[in-house]
Every structure is written in structure tokens, then in C-alpha cells.
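> When I checked TrEMBL for this same protein, it listed these features:
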BINDING   GLY434, PRO435, PRO436, GLY437, VAL438, GLY439, LYS440, THR441  ATP binding site
COMPBIAS  317-329  compositional bias 'Acidic residues'
DOMAIN    13-281  domain 'Lon N-terminal'
REGION    305-329  region 'Disordered'
REGION    642-661  region 'Disordered'
TRANSMEM  102-119  transmembrane segment
Amino acid sequence: MSSSGDIRIPSRLPLLLTHEGVLLPGSTMRVSVDTARNMQLVRSRLLKGTSLKSTIIGVVPNSRDPEHETEELPALHRSVVPTATVTPVPHRTSWFLRKNNRVSFFFAVLFLFTGHLPFKIVLHAFNGLLFLSIGTAGLAVQVVGSNWPKPHYTLLITGLCRFRVEQLLRERPFPVAVVQQLDKLEQYAGLDSGDADVSSELGELSQRFYEVALQLVGMLDISVPVVAKLRRLLDSLPREALPDVLTSMIHVSNKEKLEILDAVSLAERFKKVLPLLTRQMEGLKLLQRTRKPRLDDDRRIIPIRKGGGLAPGQLSMEDDGEEEDSDDTSLLERRVRGSNMPEAALRVCLKELKRLKKMPQSMPEYALTRNYLELMVELPWSKSTTDCLDIRAARVLLDSDHYAMEKLKRRVLEYLAVRQLRNSLKGPILCFVGPPGVGKTSVGRSIARTLGREFHRIALGGVCDQSDIRGHRRTYVGSMPGRIINGLKAVGVNNPVFLLDEVDKLTKSLQGDPAAALLEVLDPEQNHSFTDHYLNVPFDLSQVLFIATANTTATIPPALLDRMEVLQVPGYTQEEKVEIAHRHLIPHQLEQHGLTPQQVQIPQDTTLDIISRYTREAGVRTLERKIGAICRAVAVKVAEGHKATKTPSSSSSSEVTTGEISDTQIGTNELMSWLTAPAYCGPLTLVTFLPL
Ligand SMILES: Nc1ncnc2c1ncn2[C@@H]1O[C@H](COP(=O)(O)OP(=O)(O)OP(=O)(O)O)[C@@H](O)[C@H]1O
């Protein structure tokens, strides 16, 4: 390896002859490879090599059309450099001489015929003067192959530094040459620091160059990612790299790029690129004059910004400038900083933001990182509701929401009272265990109402993957946060009431045990630093009030059961069901179906009949459904403006007689058909309704 400065390239390089574009150090170029020599290089060097060294190749601009490739090596781009800078001269009969140069040919013939020493010297001098090929050593970062429309590869190459071809070692199957590295970076090390050794001319040149580059960037729309990137590069790159990088980014012809490639001396490079920058600026000014500035919603001008350059560092993470409003990622950065997240989370977010700013938007990871940051911003790190617990009001509310359940309501009130006195949420997690439809979920909702907190139900029935609770690691495609973090995002506060519904229906699978993941969530000693795999930073769950429900304790894992206080919710007696129906279910269903209590009246006997003949359950869910069925049928009749339909059995003692509304009554058979219970065979009391 030949060494010079920070970048070291191998002393022998395979040469890739490009006919489109010029690769400059510090830039990245996509090269289409379809000629036989280049294809061979890709196959035997890039695809077979395993070391980093094997991915470094020499990219040399080639003047010949690839369509007309012959067995002979084409003429390479040749730079004209003074002989004083030329150290070595090719030892072999030079292949430089063979092609396209009449002067060389003339001297070659002369040399062959005379063999005269002075001619040899002249020939060498011409070799050195005229036929030196300069290329860019590049790192092949991506190789993509395709067979359509014909076999070819596409390479993504990042330019490292210039080199000069000193000696061609072989031509087939692909050219390999001894090269000399040209960009000796250490000689410019003092450029930025203002070292006294650095010639003042070079220092001035670089400063002028930097200022012109700043002016140019200042004329562009900073919200365009590539412009924002260029602005950052101006400050972060060493000054000596700027001419090459800027040339590859502005509008210049291939010929001009070749001239910059040939400019081995740094001062010459600065001098050659400066007029190109000025030309670009002139072009932009012209555009500015011809095109009326267009304002978009954010009141920014696209694509050219009026006025002069930007102050250095204006785009830096710390500044709050006008440009930041128009820059999408800067807006996100402001939201990250304003979200009041803990120090650890903020550090992670800023790191991700930094990565995001460097990523092109087309990269799949861009969307992933953005989604992550959006979630981090939306999470309620410090947003909470104030508890408004009043035990007397809580008792009234619980009583008005639920009939019976005296034991359960008493325990809930005790629980809330202790919480109020201790002003802390540490304590056992309440777990309501009972048959379906006895009001477990609805008591949980009432608790949230009494506390004045947000309520969120997490259905755990059938959950068999622990990632459902803890989230997926971000390395997976389609990764998401778990249900706890999703719930917090949904409610938007960090102290909601979370109802973990059906904890007894969690199942184990190959994807892990979700019950084990719940252990950390429910343990008050640990849940202040709950770490979701997706977030990868702890989130404090200690303010969340967890309540669990289950139909049986038999299938709850013992470790989980140990963390909870089980409150049995027994089924209801028939009388309790009748009361629940008349106090809660019927008014609720009437409201749901847009009916008034005057339009439908269901006597207690009817309810009892429905309960005993049409439902067989501990809870009241089926009863509620039956009442819903009656309401739906009545709603149709009411909407139709139905007239009285009295059946013979309607004269029974249980008939509803409510004055003027009794003329429109539904008979036994009709009601029976609404309830769709095949086993029904006895007489039924009547339901009365008023037409609209
Ligand atoms: N004591 C009660 N007072 C008033 N309404 C009740 C009562 N018990 C149950 N309900 C009503 O019954 C319906 C079903 O209740 P809920 O969904 O809370 O049952 P659950 O016990 O959670 O059932 P599951 O175990 O199937 O989830 C709700 O509309 C609820 O309001």
C-alpha cells in the first residue's frame, strides 16, 4: 500500500474505464458496467474479493464510445502536467504511445529507426508531458447485476482520492496498473487552523472559496434535503475537499470536471472551481429575476431564496432560525425538544435526528426513523390529568352506574380511599374475576370516571406473542410498539386507567410468554422503568392505574396472579337482573335506538319472562341483546307509523294500560318472533309503543 495522509490506497489498482461521468474524490457516482473489460473486473475483483482492499478500484475516464470496444485498450483520459511534477516514466513499451496520438507515433517511429539516445530522452519527456492518466481511486459500495435488456452491472462508487497511472501491468482480462496516490492530505492540514506554514495565498484562496460557496448555498432553498446537506458539509468537510465535492454537486460539463480532476495542485483546483461557482451563482440570479418567487403554505420561497447567504451554523441543531420552520427535520427537532421527555430519551432522539438529517428520503430507513421519532414526540412523557377523587362522589357514581355488586363496590371504594390518603399508586392490582357480562369492564370504566382519568381497555384475549406487550425491536421490518405504549399514545396522558381485559386468556407460544412480559408492567417496583423493545428507552408507568379482569383464576399464571388482588364478581339473581334491566339496560337501549320511554314500556313481568325464558346466563349481556332486539323491532313500527295490532291474548291481566298510548300494542306472537327463541311456547305480556 502506498501511504499518504489519511487515505491509503493500494499501489496496484484494477482500472475501471468509464465513458459517462467523471468521479471526483468525495463524491458518489453510479456507473453502468457493460463492456467486457469492466464486466470482468466486477466479476473477478468485486464479486469474488472479500477484503475491503478488493473493493477499491481505479476509475479512469475513457474517451472511447463503449459500443466500439475492441481488443486493444482504449485511450484513457490524459492530463497535461508539467514534466517537473512527473517522477516515473513507464518502463514497458508504452501503451500510451499506441493510441490516437500522431506526435507520439512520429516519435516512436523515429526512435525505432534511429535508436538514438537524444530521441529517447525527448520521447520520455513527451511521455511525461502528454500522456499521464489521472483517475480517482474509488470504493465500490454497491454492485447490482441485471440480465435485462442485456447483462450488465450497476456500481455505486465513492471517490477517495486522485492517482496517476505509472505503469500498466496487464491489459486483459481487465487493466491493472501501478499507481501513485496524488492527494496528499497532510500537506493541507494547516488550512483550517491557519497554520503559518501554509502559504498565505492558499489560505486566502480557501477562505474566498468558502465564502463564495456559502453565498451559493444561501441562494438555494434550504428545505431541499440535498441543499441542507451541502450546507452542513461546508462546515464539516476539510477545506481542501470542498472544490471536488462542490464540483460534483453543481452544474458543470464533463469536460470541466476532467479539468478539475487534472488539477493536482490544490491552489489550481481552488482557482479552477471558483469561476464555476460564480457562474452557477450568476445563473441562479438570472433565474431569480425571470421567475417570480413562489410562496407555498409555509411562506417559503421555492426554489430560490431571496437575499444573501446564511450565517455559518444557522442549520445547526442548537439554533432556532427562520429556516428551521421550513425544514421538515428541524420542525421535528423542535417538537422533540419541546416534548419534555427525560434526558435519556432526548439523547436517543437527537442521535436519531442526526442520522435522519444525513439520510436521503428515499432510503427505507428514513421512514422507520421518522416514525420512531414521531412516536417519541407523541408519547405523554410528562402530560397527565389531575385526579379529582372525592370518595362520596365516587360512591354515588358507582351506585348510579351499577345496581347490586355491593361487595365489589365497597372494595373499590376502600381501594380508592387508601389511594387518596397515601397519595400514591403503589399497591396491589385489582383483578375482577367473574362470569361474562356481570359488569367487570363497566366497573373499570366507572373507576376512571370517579378519578377523572382517561380510560383505555387493552384486550388480551388470544394474545400469544410477548411483542404484543413489549413491542418489536426496531430491526424487524414492520416493527411496532407494544399495546401498553400504543395505549399511552392513544390516551395522550401518562396516568390513565388501563383495563387489562381477559388476562386469563393469554397463551404461551413460540413467540414467548406475554404473561411474563406483563409481570414487569404490573409490578409497581419495576414499572417506573418499563422498556418497550421498540422505544428502547424506559417509560415511567408508575402513574398508570392498572385493573385486570378475568373469567377464572385457574388459567392465570401464578406469578401474575400473585401481583393481583382478586375480587370475585358473582352472577346475578333473577330479581337483580330485572332491576338492572329497568335501571340501566332498557334506558340505555332506548337511547341507542332513538326511542323515548313513552314510546316503549316493558313491564317488570315481561322482563322477568324474557330473563327466565330467553336467557340462560350469570350476567346480563344476552338480556341486554334481547331488549335491543325488542327496541329495533319497535323502532321499525314507530318509523312506519304503525297502527294498533291487538292480539286476542292481549287482554291478559299483565297488559299495559297507560291511557292514550295503550291503543298501539304488540301482541305475544309478534314479540315472540322478535326475540327469536325457538323454545318459547307460553303466553307473553305485552309491549306498548306510540307511533311517531
Ligand atoms: N350491576 C350492573 N349494573 C348496571 N349495568 C350492568 C351491571 N352489570 C352488568 N351491566 C351491564 O352489562 C353489560 C356487560 O357488562 P361488561 O361488559 O362490563 O361485562 P364483563 O363482566 O366485563 O363481561 P366479559 O367478562 O365478557 O368482558 C354492560 O353494558 C354493563 O353496563
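Placed from the backbone N, Cα and C atoms, the Cβ positions cover glycine too.
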> Which binding-site residues from the set PRO435, GLY439, LYS440 come near ligand 1, judged by a Cβ under 6 Å from any of its atoms?
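Listed by sequence, the hits are GLY439, LYS440.
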> Pick out which of the binding-site residues PRO435, GLY437 has the most other Cβ atoms within 10 Å of its own Cβ.
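Output for this query is GLY437.
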> Would you pick out, from the binding-site residues GLY434, PRO436, GLY439, the residue whose Cβ has the largest number of other Cβ atoms within 10 Å?
GLY439
> Can you tell me how many other Cβ atoms are located within 10 Å of the Cβ belonging to LYS440 (ATP binding site)?
26
> Averaged over the whole of the domain 'Lon N-terminal' (13-281), what is the pLDDT?
73
> Inside 10 Å of the Cβ of VAL438 (ATP binding site), count up the other Cβ atoms and send me the figure.
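If we count other Cβ atoms within 10 Å of VAL438 (ATP binding site), we arrive at 28.
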> To see if you understand the setup: which same-chain residues, six or more apart in sequence, place their Cβ under 8 Å from that of THR441 (ATP binding site)?
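For THR441 (ATP binding site), the qualifying residues are ARG457, LEU499, ASP501, THR549.
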> With a radius of 8 angstroms around the mean position of the C-beta atoms of GLY434, PRO435, PRO436, GLY437, VAL438, GLY439, LYS440, THR441, what other residues of the same chain does the ATP site pick up?
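Other same-chain residues with Cβ inside the cutoff are PHE432, THR549, ASN551, VAL569, ALA618, GLY619, ARG621.
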